[in-house]
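Per TrEMBL, the features are as follows:
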- 155-164: compositional bias 'Polar residues' (COMPBIAS)
- 48-137: domain 'Fibronectin type-III' (DOMAIN)
- 172-260: domain 'Fibronectin type-III' (DOMAIN)
- 279-333: domain 'Fibronectin type-III' (DOMAIN)
- 1-47: region 'Disordered' (REGION)
- 132-166: region 'Disordered' (REGION)
- 255-275: region 'Disordered' (REGION)
Amino acid sequence: LDVINHQHPLSIEAAEEPEEQPLPTEEPQHEKPQTEAPPSEALPPRAELGELRVSSVTPSSVQLHWTVPEGSFDSFTLQYRDAQGQPQALPIDGGSRSVTVRGLSPAHQYRFHLYGMHRGKRIDRVSIDTVTATDEPEEPPSLSEEPQTEALPTEDNQPEQPQATAPPVRAVLEELRVSSVTPDSVQLHWTVPEGSFDSFTLQYQDAQGQPQGLPIDGGSRSVTVPGLAPSHRYRFPLYGLRGRKKIDHVATEVMTEEPQQEKPKTEAPPSEALPARAELGALKVSSVTPSSVQLHWTVPEGSFDSFTLQYRDAQGQPQALPIDGGSHSVTVP
């Protein structure tokens, strides 16, 4: 008993003395989280995603626009599930405010999530639901687009209803004409003598009879349709849209040229005199998707009659896109 009584107080004293030693080590442990926490907590208020909206819809594509009211992001990521339910992701550079999602299925509902990224981390997210147009020509697509506005918040529906009644009088499409033809492409021009449109949609059927659609921004007055078949007749209806409503349309028919054509020889002499009076500036990439690239360029001095963009496809075959001289951007789909 004496041994136990002597050891018991000694064990209590030995337990009490080390309690004072861990105290200094507790202070640095609290300091590290305090220095690391503020940066991660401060990021969301400095970079904010605003409104995500649908600017145009075709049977096989959807064009989305968004805003960044505060701060900036290093990049964006758009996520959705395809018609088979497989997850898909599109990386987008931080300077872009729009993206066209291609390869979609007609009359199918999609939910798109747009993430704002900073140093590889998701900082903010916005989402939207939309339904692609049907394959049927003119009236059914407009009917399929009406449920899309019902699926969106009521705030989006309210401004679109007055727009759907007024634009037919204030926005007019005229004179859709062919400006150049090659064996595999057609360049079209049009005019808007009255009013303006939010966007355009060019629809046609390819050589296999499959419906195709090209979304075009509202400020454009020309478009190049690539990937056509030689010596094939096409009909191109162009629709002017307000919101997601088709307000007016014009159409034209054209036949692509035969494979053997030597137009570049006649275009070469004028181009030799241009460099002294006209100068091309910076060529930059403004947006990238898995199946398309959007390019922008400047003309700091003089002007050009037209441009030609040349590249080789994935199979190594040379491709060329004719572009009108007033354009300073092109999307290579």
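From the backbone N, Cα and C atoms, a Cβ is placed for every residue, glycine too.
Shown for the domain 'Fibronectin type-III' (172-260): DSSP residue counts in helix, strand and coil, namely 0 helix, 60 strand, 29 coil. Mean pLDDT for the domain 'Fibronectin type-III' (48-137) in the predicted structure: 90. Remark: secondary structure over the domain 'Fibronectin type-III' (279-333) totals 0 helix, 33 strand, 22 coil, with classes taken from DSSP.
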